[in-house]
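The next block holds one structure in the form of structure tokens; read it before the comments.
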Amino acid sequence: MLWSKAFCHYTVLLLSLWFCVEAVPIAVDRTKVETPEEKLEAPQNVDTGLHYDRYLREVIDFLEKDQHFREKLHNTDMEDIKQGKLAKELDFVGHHVRTKLDELKRQEVNRLRTLIKAKQDAEGGHEMNHKVLLKQFEYMNHMNPHTFEVEDLDKLIQSATNDLENYDQKRHEEFKRYEMMKEHERKEHLKNLDEEHRKDEEQHYEELRKKHADHPKINHPGSQDQLKEVWKESDGLDPNDFDPKTFFKLHDTNGDGYIDEQELEALFTKELEKMYRPNLDEDDMTEMEEERLRMREHVMNEVDTNKDRLVSLDEFLMSTNKKEFLEPDSWETLEQAPAYTDEEMKLFEEQLAQEESNLNQKTSDLQKQKEELERQQEKLNAQKAELQPLDFPPHT
């Protein structure tokens, strides 16, 4: 798709998550591969992780249908996009597309209003922080809820670019919290056991750790050894015939001339399979995805010289001449590089204790309120009984 290739290239990460076809290793028995001429349809289930993901993709889908906008996109560089010059081309988009964009915006505004109202109801009807409320609308001009204008497209591009640039960091933070919570729950579980069962549980835990660490050597991501293994095991080719250019074409699965982040992550599947299997207790699939993310970030830092979150053929070939490619250092896996420090774990547990204390206090306050309401209800019932007229027997 033209939109996929051009906008992904110019706006860094924005569309590398939208319209890139997920790479799947393929088995072939030839050493020359022609770049496919046919255009591949974008997967419909790609999710950027943004709370406005659906709105984002729907806007892109309809803008892509306008020929004028597609042509302007193809000839616009990244700096012009960041300065809002591409957004101004919205004024020249066809009427039917503009009408649909207006409809999409109205639907999105209604969706946000519904979510905010539901959140207010869940919090007992308390008024929300005004800044927090406006934060929900940063990707659109909320002062005009009826029509999709140039400012809306500019805000959408800027917000998505900024949010997605921070996406990896947020994932790392979420993983750190996941690991700390897992350790916290393990220690809490041990506290509830007697000494004998505690020793058995700790012994079992250490056995699982050792089993997980007992795996074949992990090749340095992006190194010659790692790529040759993919060439042999996934592509079915002779390692002695390894050719970087052919390898690139094989794994540029959508044929757009770049290896995007999803295509790159697919190259690490064989390495990850050495360490993780979904049916084993000692292997955590959440940790596997974090390891995949670490590998992808490392290779991008080494190979993606212009930092557009895409690997071009020139960048790839240049990387194969570096010492890091030919003679890499050993790769430090997650088990060798803990996600958190002792100080971070201590702070995390203090925060959990504070949250638990606050929750207990809130529960206690609610219980007291309930008891007070019950006392008041009893008092009202008694007063009501006193005010009711007495029933006298009829006169004879």
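Every residue, even glycine, has its Cβ placed from backbone N, Cα and C.
Feature annotation from TrEMBL assigns signal peptide to 1-23.
The region 'Disordered' annotation in TrEMBL covers 187-223 (among others). According to DSSP, the secondary structure content of the region 'Disordered' (187-223) in residues is 24 helix, 0 strand, 13 coil.
TrEMBL lists 187-209 (among others) with the feature compositional bias 'Basic and acidic residues'.
Residues or ranges marked as domain 'EF-hand' by TrEMBL: 239-274.
Here TrEMBL flags 352-396 (among others) as region 'Disordered'. Mapped onto DSSP helix, strand and coil, the region 'Disordered' (352-396) counts 36 helix, 0 strand, 9 coil.
The annotation compositional bias 'Polar residues' is assigned in TrEMBL to 354-364.
Look at TrEMBL and you will find 365-378 (among others) tagged as compositional bias 'Basic and acidic residues'.
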The domain 'EF-hand' (239-274): mean pLDDT? 94
For the domain 'EF-hand' (239-274), give the DSSP counts of helix residues, strand residues and coil residues. 23 helix, 2 strand, 11 coil
